[in-house]
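Structure, as structure tokens:
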Amino acid sequence: MPITNFVLAGGFGSYMLAMDQRTYELIGTDYPGNRAVDVKNPSLGWMIGFMFVVSFLGLFSLVALRKVMVIDYKLTYPSGTATAMLINSFHTTTGAELADYIRANKYLRHSKQVSCLGKYLSISFLWNCFKWFFSGVGDSCGFDNFPSLGLAAFKNTFYFDFSPTYIGCGLICPHIVNCSTLLGAIISWGFLWPYISTKAGEWYPANLGNNDFKGLYGYKVFISVSVILGDGLYNLIKIIYATIKEIMNARSKQGRLPLVGVQDDDEGSKLSAAEKHLNETFVKDSIPPWLAGSGYVGLAAVSTATVPVIFPQLKWYLVLSAYIVAPLLAFCNSYGTGLTDWNLASTYGKIGLFIFASWVGQNGGVIAGLAACGVMMSIVSTAADLMQDFKTGYLTLSSPRSMFVSQLIGTALGCVIAPLTFWLYWTAFDIGNPDGMFKAPYAVIFREMSILGVEGFSALPQHCLAICSGFFVAALVINLLRDVTPKNVSKFIPIPMAMAIPFYIGAYFAIDMFVGTVILFVWERVNRKECDDFAGAVASGLICGDGIWTVPSAILSIMRIDPPICMYFKPSS
């Protein structure tokens, strides 16, 4: 897992390329704020060194909270749950029993479970194969961009994109999560963004690019992150308070946690024997908190001393500041991933890019912002991936300690393999050429963001910070209401973290997840026992089949084999 995720967290197609000479020239040597001194071309030595000093901190940042995230908060981590279902389906009787633990702790015949999972995995894979024949270059055609709810709704990302993955997520995630996601999509893309768009030319300059912080994009990023931070900060403070209360009272009682009320049935205080077995296995092979804390502090100290050597523009106190706030951001990202399966590491990276570029200013702010973006993305992405894997380990009765060690080994391999692979492409191909095969468009976007960040918060559009403050307070108030209201009322109050994801991503995946939750709701009413027994297997099959399709899809892309239909019938430009 860590090796593959280095493609995203390592920034090999985004912030790292944004530092090189070609991107500097593409933006224009006369572009305001684009200075020749803010250039650092890729080199195998510094890339491997940078990966080693920043990639391990995310593993230590949240490992002490694994019990809270997986057992107490009961976060679903849909991809982790689907992976566990797939793994358990390959086992014999014991594997079937473990798979039963995932759903309502009812024993199923192993052959039925495997058959159900395999059938929907095949359906999902074949459906993606069918969709490929109708896909085209860019976003011009295909089922993934079909205006199923009309062209006006499509322009505001309200469409059903026929994604098996997010329908499967809707089947796994609690109803309140899916409904919160749809509510967030309606608030943002149905009302807020269209309203702000009418203020173009008044609140912000008209005719800006889609990724320009000075325009609508600035509202999207900062408002969504403000909601996420408000929700994450509230829950983190709540965890700290509950922990201190436990120590002070010398008892093992912990206050009601926000997602306990999410469950559809009344669990009460009694756990089934199966769930107790899962919990005991997960907590007995513990990772000492002192090891997590000392590991994070030690690695942060090494990184604080080393990163300024690689990037002199990013001073040691800036790196230290990043590591002080990083655990909070890692918690927010892991919490959001557990709810909706979306890893927003790039969003947190962009926030870090903007803040640190603004902090440093004209003298090296561009490179400092891009480097800080890499530090943030690495920590928050790795922490979310680790918690996702802990969820898989929890459901498969795997040793958390062994999984943690495996993550360390995988991360060490990724620190070498990912830069080597990138270096091979960078030296063999014309990376970043806008007319070539590997255009690397995000390199230009990230550099322009960093240049904008140098100008500071004054560059943000009008009322952006005021609106962000309002949404931050709203997230705190909603969480407070979820805790102080009775359970029969709080279970209908939306979750701010889930609402915030579509603010930035779009409404389409919220519609997919809502379709999944509607299917689950109807299934529960028609045949509750069958739903409890097979919903997890159906969801896992849909998610895994969609994931397996990425392998032949990548091969087709590498071989430059185009879909046959839209190549001939694509809309004219």
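The first residue you see is number 1, and the count goes up from there.
Cβ from N, Cα, C; glycine included.
Because TrEMBL annotations are produced automatically, they should be read as predictions rather than curated entries.
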When TrEMBL is consulted, the range among 290-310, 437-457 described as transmembrane segment turns out to be 290-310
Please check if the transmembrane segment (290-310) comes into contact with the transmembrane segment (316-335), where contact means 3 or more CB pairs closer than 8 Å and the residues in each pair are separated by 6 or more positions.
-> yes
Seg_contact(the transmembrane segment (44-65), the transmembrane segment (408-426)) with at least 3 CB pairs under 8 angstroms, min sep 6: yes
Here the stretch out of 216-237, 342-360, 408-426, 501-523 with the most C-beta pairs under 8 Å to the transmembrane segment (316-335) is 216-237
Quick check for me: are there 3+ Cβ pairs below 8 Å between the transmembrane segment (460-481) and the transmembrane segment (366-387), leaving out pairs under 6 residues apart? no
Are the transmembrane segment (501-523) and the transmembrane segment (176-196) close enough to be called in contact, which here means at least 3 C-beta pairs under 8 A that are separated by 6 or more residues? yes
